[in-house]
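J.: Structure incoming, see below.
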Amino acid sequence: MAASSSSFASLGLLLLAAAHCAVLLALAGAAHGHPPVAGDGLSSAFYDESCPNAYDVVRRVIQDARVTDPRIPASLIRLHFHDCFVQGCDGSLLLDDDLPEIQSEKNVPANDKSARGFPVVDDIKGALEHACPGIVSCADILALAAEISVELAGGPRWRVQLGRRDGTTTNIESAKNLPNFFDPLETLQEKFRNVNLDDTDLVALQVPVHAQNCTGGQEDGALENLDQVTPNRFDNKYYGNLLQGRAQLPSDQVMLSDPVAAATTAPIVHRFAGNQRDFFKNFAVSMVKMGNISPLTGSDGEIRQNCRRVNSKGY
């Protein structure tokens, strides 16, 4: 698994494309024969005592960043997708190259010139390290930033499950196999099933996966508005576009046109197009499910001091 024109309805494209928009395929766990597991040990109250202001700190940094970069919330949501769908929600996407041990996932086709917002994540981490040093993981920062970004764009709120720890490795093979936007529906369904996500999740998560503007592998700033109706709002207009045949990516329209769609995804598209409240409810549930993909908890992993480096490498 940007810009004022950065639509949250287009965020999904950046997630589902092989060249830069994507949402998953081979989780490290799946690649090694281990099925992804739910988020054992995660809790919405995880930082209530150790860092009670964590949510407010993250929100403040994102609000400040939006002043000069209105597309940053959409970009932050996409980072959470790209992280969770490769090796689980462990912050691996945030690691920079540190060869030979660490090869960054940022440089694979699905992320190169499209995954953005890393300096804002650095700012969030710096603010949290000032408020409560060594407490909040980078993986949890991405989860919090995604929920706050959706809510700031007019979307639903949900209680973010927290307690993830940060990984110390990347998975380039998995990152290279994020779903391609030319994938037929059955391939997309299989990729979602590989991480315990169903057809409702697939359809619900296409808004943040396809509604934001996408650089298409071009230089940052060369953007295409994939949602012509409400490009800066998080809403259900994306599904109305599909029903009118206005999808701009093959991986969008297959949810209606693919031979297997009539009995699987098409009814869900129609339902979400006609009922924004129903879409919001299901989207929030799907985000929690996605955030529970193979997290590191307990004594696994670490709490990085710098989201770009494992602790043994320092700053």
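Quick reminder: no glycine exception, Cβ is built from N, Cα and C everywhere.
Predicted automatically and left uncurated, TrEMBL annotations should be read as such.
Below, the features straight out of TrEMBL:
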- 1-33: signal peptide (SIGNAL)
- 41-311: domain 'Plant heme peroxidase family profile' (DOMAIN)
- C51-C132: disulfide bond (DISULFID)
- R78: site 'Transition state stabilizer' (SITE)
- H82: active site, proton acceptor (ACT_SITE)
- D83, V86, G88, D90, S92, E105: Ca(2+) 1 binding site (BINDING)
- C84-C89: disulfide bond (DISULFID)
- C138-C307: disulfide bond (DISULFID)
- P179: substrate binding site (BINDING)
- D227, T230, D235: Ca(2+) 2 binding site (BINDING)
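Please go over these features one by one and say how buried each is and what sits next to it.
T.: Same-chain residues at least 6 positions away in sequence with a Cβ under 8 Å from that of C51 (disulfide bond) are, in sequence order, L128, A131, C132, I135, V136.
C84 (disulfide bond) is surrounded by 32 other CB atoms, counting those within 10 A of its CB over all protein chains shown.
Other Cβ atoms within 10 Å of the Cβ of C307 (disulfide bond), summed over all protein chains shown, number 22.
The Cβ of D235 (Ca(2+) 2 binding site) has 21 neighbouring Cβ atoms from other residues within 10 Å, across all protein chains displayed.
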J.: For R78 (site 'Transition state stabilizer') and C84 (disulfide bond), what Cα-Cα distance in Å is obtained after rounding to a whole number?
T.: 10
J.: Please report how many Å separate the Cα atom of C84 (disulfide bond) from that of D90 (Ca(2+) 1 binding site), as a whole number.
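T.: Just about 7 Å between their Cα atoms.
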J.: Hey, which of the recorded positions R78, H82 is the loneliest by Cβ count within 10 Å?
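T.: Sparsest of the recorded positions R78, H82 by Cβ contacts within 10 Å: H82.
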J.: If I take the alpha carbons of C138 (disulfide bond) and D90 (Ca(2+) 1 binding site), what is the distance between them in whole Å?
T.: 8
J.: In this predicted model, what is the average pLDDT of the domain 'Plant heme peroxidase family profile' (41-311)?
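T.: Mean pLDDT for the domain 'Plant heme peroxidase family profile' (41-311): 89.
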J.: In whole Å, how far is G88 (Ca(2+) 1 binding site) from C307 (disulfide bond) when you measure between their Cα atoms?
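T.: Cα-Cα distance, C307 (disulfide bond) to G88 (Ca(2+) 1 binding site): 16 Å.
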J.: Measure the Cβ-based neighbour count of S92 (Ca(2+) 1 binding site), defined as the other Cβ atoms within 10 Å of its Cβ.
T.: 28
